[in-house]
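Data block below; observations after.
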Amino acid sequence: MAFFVLSRVSRRLLKPSVSATTTRSSFSVFQPQQHIYLSTPVTHYINPLCKHTLWNNRDHQANILVGGMWSSSLVLERGRKETRDFGGVKEEDSWIDLYLPERARGYAKLARLDKPIGTWLLAWPCMWSIALAADPGSLPSFKMLGLFGCGAILLRGAGCTINDLLDQDIDTKVDRTRLRPIASGLLTPFQGLKFLVLQLLLGLGILLQLNNYSRVLGASSLFLVFSYPLMKRFTFWPQAFLGLTINWGALLGWAAVKGSVEPAVVLPLYLSGICWTLVYDTIYAHQDKDDDVKVGVKSTALRFGENTKLWLTGFGTASMGLLVLSGLSADLGWQYYASLVAALGQLGWQIGTADLSSGADCSRKFVSNKWFGAIIFSGVVLGRTFQ
C-alpha cells in the first residue's frame, strides 16, 4: 500500500498545480477585481462579468528555502494573500505570516504549524501511555515526553503533507481547504514531496532513540499514515481509520518505556482513543459535509446524518468505559477516576452543545479536545504519583 501511495504522489508531480481561485457564480459586481500574481512575468486574466482582458506585468521570484535544498515556488505568498477574500474564502494572518521569512511560510503552513490542535491530538495518547508506564510513586519520563512531543510535531506535519499531496484535486473544490499551499499553488507537489522526505528523516532520527521493540512498532504505523488520506474515497468510516492511526502512540509510549506492550493496559487505552477520535473528527467533518457531497468523498458525518449525536454519545460512552478499564488494569489511584469525571463532563458538553450546522461551532468543539486530553493526562500522572 505504501508503494501504491508513493506511485500516486509521483504521478501527481507531473501535473501542474491548480489554482484555488476559481470563478464562482456569486461574484458581485461591486467586488473589486482580484488579481493573482504568478511567477511568470506576464499573467492574463479575464473578468467574468465584462469579459475584458486584464494584464499585469509583475516579475516575482521565489527563493530557496533551506540550504539550497528547495527549488523556487511557482506562486508567491503575495499572490496568495491577495486571493484570501476571493470567492468567499478568507484566511487570517497567523504567526507564520508575521514572523517567518516569506520563503519559509509555505512549508510551515503545509505542516500546519499555525494550527497545533492536530499535534495535541496526536501527542496526548502518547503522553497518557508514557505516564501509565511510570513506576508507582514516580513522575513520567521527561526524556520520553520530550521525544514523543517532537515526534508528534514531525509526524503530524508529515501526515498533513501526504494528505495535501494526495488530495490537491479535492482541496481546490472545498472552501475550507482551497488555500492550502499545494492546492493554491504556493508550493509545487515536488517541493511538498521533498519536504515530506525531510520530515520522515527527522522522525526516523527520533525513532532510533528508542528501543528495538519500539522501533519496529513505530515503523509499522507508516502503513496507516500513508493509507489514511485515501480512505475517504472508499468508505464512510475514514474517521475510524484516523483513530487507528493517530492513537498509535498509546501502544508505542508504553513500549518505549517498558520495552514491550502490556495488552491489559494499552489495548483499552488504544481503543478508547479510537472512540474519542470518532467523536471529535465526526464533529469536525460536519464543517465540510456539503462540499463532501459535491466532491464525492465520504465521512461519518454523512453516514450518521441526523443521528450524529446519538452515535457520538455511544462512542463517547465507550471511550470513557475503556479508560476506566485501562486505569483498573494499571492499578491507578483515585485521582485518575476523579479526572475521568471531569473529562466526561467536557466530552458531554461537546456533544450536547455542538451546533452541527455551524462550521465555526464545530471547529470550536474540535479544538476544545486538547483540554480533554490534558485532563486525562493530569489524572494519569496524579493517579500514578500518589499510588
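Cβ atoms here come from the backbone N, Cα and C positions, even for glycine.
Positions annotated as transmembrane segment by TrEMBL: 117-134 (among others). Note on the transmembrane segment (117-134): residues 140-141, 144-145, 148-149, 151-153, 155-156, 160, 246-254, 256-258, 265-266, 269-270, 273, 277, 280, 326, 330, 332, 366-367, 369-370, 373-374, 376-377, 380-381, 384-385 of its chain, located 6 or more positions outside it, place their CB under 8 angstroms from a CB of the stretch.
Annotation comment: TrEMBL describes 146-166 (among others) as transmembrane segment. Through the fold, the transmembrane segment (146-166) approaches residues 5, 8-9, 12, 110-113, 118-119, 122-123, 126-127, 130, 180-183, 189, 192-193, 195-196, 199-200, 202-203, 206-207, 209-210, 225-226, 228-230, 245, 249, 252-253, 256 of its own chain, all at least 6 residues removed from its boundaries and within a Cβ separation under 8 Å.
Residues or ranges marked as transmembrane segment by TrEMBL: 186-207 (among others).
TrEMBL lists 240-257 (among others) with the feature transmembrane segment.
Positions annotated as transmembrane segment by TrEMBL: 263-280 (among others).
What TrEMBL records for 310-328 (among others) is transmembrane segment. Nonlocal intrachain contacts for the transmembrane segment (310-328), taken as residues 6+ away from its ends with a CB within less than 8 angstroms of a stretch CB, comprise 132, 265-266, 268-269, 271-273, 275-276, 278-279, 282-283, 300, 304, 336-337, 340, 343-344, 347-348, 351, 376, 380, 383.
Within the chain, the transmembrane segment (240-257) has long-range Cβ neighbours (under 8 A, six or more residues past its boundaries) at 121-123, 125-130, 132-134, 141, 144, 147-148, 152, 159, 210-211, 213-214, 217-218, 221, 224-225, 227-228, 231, 265-266, 269-270, 272-278, 281, 300.
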